[in-house]
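J.: What follows is a single structure, and I will ask about it in a moment.
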Amino acid sequence: MMVGSSSYAQLSTNFYSKSCPKVLSTVESVVKSAVSKEKRMGASLVRLFFHDCFVNGCDGSILLDDTSSFTGEKTAAPNNNSVRGFNVVDDIKAKVEKACPGVVSCADILALAARDSVVILGGPGWDVKLGRRDSKTASFSAANSGVIPPPTATLSQLINRFQARGLSAKDMVALSGAHTIGKARCVLFRGRIYNETNIDTSFAKATQSSCPRTSGSGDNNLAPLDVATPDSFDLKYFNNLLNKKGLLHSDQILFNGGSTDSLVKTYSSNTKKFYSDFVTAMIKMGDITPLTGSNGEIRKNCRKPN
């Protein structure tokens, strides 16, 4: 991991201002239409960006289907039957290609779609740094290696996995606040709602109604990560943690007597501070070892190398 690699300097917010001036409005219009059809898609697009950046940097590798020469990241444990939104990325790419063929990378499309999703669901906006290029390969083993923390993670595991990517504990807590939108599958929170004690009783009971105790039964049933305002990007996620209503173990662990409690308290009552730290962390995450200059390529189809 090359923290401080000079390649970051080559990303800029106006990278496509001459080569593809319509890229921002094109991406935004597709994301808007997808999120209006299904609010959850906004969260799915943010998560795609996170899972892309944490595995070999923000290089669009998560989008590649398996080929004869490599097994991609889509079926790795953190992603299998879990990451989604590939069809929306295809749709964005097709429209961007029509406007400016061969210019805009799939990696940059992910960064833009994540930002647009946050804004459309009521969250903060920011200028996205651009100029990433696309990887020519993907790594199942890297995606499977534990670099993406699982929902069962301890607080120190969460802090360490983010630190390994150049992100601080504060960045990690702010980015976890993206769980103010989106849904999780029963199989990922069953252990918490049946076995853990740092959970609001009525919240646990209500959540159990759509997630049976028996493994294999209702595994893919969904529950909102933010029970208060599931489709609004706000600070309610942090309020839920104060009230022991975090859905995942890795959510509630952020407010459980440990080093991140004070940050959760701060964010729970200060939208401006949450938004500002979230934006800083998203920009930092987008800076993780991008391919720039003559490295990588500009994929024509986000699912396969040229």
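The backbone N, Cα and C atoms fix where each Cβ goes, glycine too.
Please treat TrEMBL annotations as automatic predictions, because they have not gone through curation.
Residues or ranges marked as domain 'Plant heme peroxidase family profile' in TrEMBL: 10-306. The disulfide bond annotation in TrEMBL covers Cys20-Cys100, Cys53-Cys58, Cys106-Cys302, Cys186-Cys211. What TrEMBL lists as active site, proton acceptor is His51. Under the heading Ca(2+) 1 binding site, TrEMBL lists Asp52, Val55, Gly57, Asp59, Ser61, Glu73. Annotation source TrEMBL lists substrate binding site at Pro149. Positions annotated as heme b binding site by TrEMBL: His179. Residues annotated as Ca(2+) 2 binding site in TrEMBL: Thr180, Asp226, Thr229, Asp234.
Show me how these features fit into the shown structure, please.
T.: Averaged over the domain 'Plant heme peroxidase family profile' (10-306), the predicted model reaches a pLDDT of 98.
Taking Cβ-Cβ distances under 8 Å and a sequence gap of 6 or more within the same chain, the neighbours of Cys20 (disulfide bond) are Val96, Ala99, Cys100, Val103, Val104.
Residue density at His51 (active site, proton acceptor): 22 other Cβ atoms are found within 10 A of its Cβ, drawing on all protein chains shown.
Cβ-based neighbour count (10 Å, all protein chains) for Asp52 (Ca(2+) 1 binding site) stands at 30.
Other C-beta atoms found within 10 angstroms of the C-beta of Cys53 (disulfide bond) number 29, with every protein chain shown included.
Annotation for Cys106 (disulfide bond): same-chain Cβ neighbours under 8 Å, separated by at least 6 residues, are Gly60, Leu63, Val89, Lys93, Asp134, Arg299, Cys302.
Shown in sequence order, Gln157, Leu158, Arg161, Phe162, Ser250 are the residues of the chain, 6+ apart in sequence, with a C-beta less than 8 angstroms from the C-beta of Pro149 (substrate binding site).
Taking the Cβ of His179 (heme b binding site) as centre and 10 Å as the limit, one finds 25 other Cβ atoms among all the protein chains shown.
In sequence order, Thr180, Lys236 constitute the residues six or more apart from Thr229 (Ca(2+) 2 binding site) in its chain with CB-CB distances below 8 Å.
For Cys186 (disulfide bond), the same-chain residues 6+ apart in sequence whose C-beta sits under 8 angstroms from its C-beta are Ser210, Cys211, Pro212, Gly218, Asp219, Asn220, Asn221, Leu222, Ala223.
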J.: Within 8 Å of the Cβ centre of Asp52, Val55, Gly57, Asp59, Ser61, Glu73, which other residues of the chain have their Cβ, at the recorded Ca(2+) 1 site?
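T.: After dropping the recorded site residues, what remains is His51, Cys53, Phe54, Asn56, Cys58, Gly60, Ile62, Ser135, Ala138, Ser139, Ala142, Ala143.
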J.: When the Cα-Cα distance from Glu73 (Ca(2+) 1 binding site) is computed for each of the recorded positions His51, Cys58, Asp226, which gives the smallest value?
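T.: Nearest by Cα distance to Glu73 (Ca(2+) 1 binding site): His51.
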J.: Which of the binding-site residues listed here (His179, Asp226, Asp234) have a Cα atom within 10 Å of the Cα of Asp52 (Ca(2+) 1 binding site)?
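T.: Close binding-site residues: none.
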J.: If you count, for each of the binding-site residues Asp59, Asp234, the other Cβ atoms lying within 10 Å of its Cβ, which residue has the minimum?
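T.: With the binding-site residues Asp59, Asp234, fewest surrounding Cβ atoms within 10 Å: Asp234.
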J.: Within 8 Å of the Cβ centroid of the Ca(2+) 2 site residues Thr180, Asp226, Thr229, Asp234, which other residues of the same chain have their Cβ?
T.: Ile181, Ala228, Pro230, Asp231, Ser232, Phe233, Leu235, Lys236, Tyr237
J.: Take the Cβ of Cys211 (disulfide bond) and count every other Cβ within 10 Å, whichever protein chain it belongs to.
T.: 22
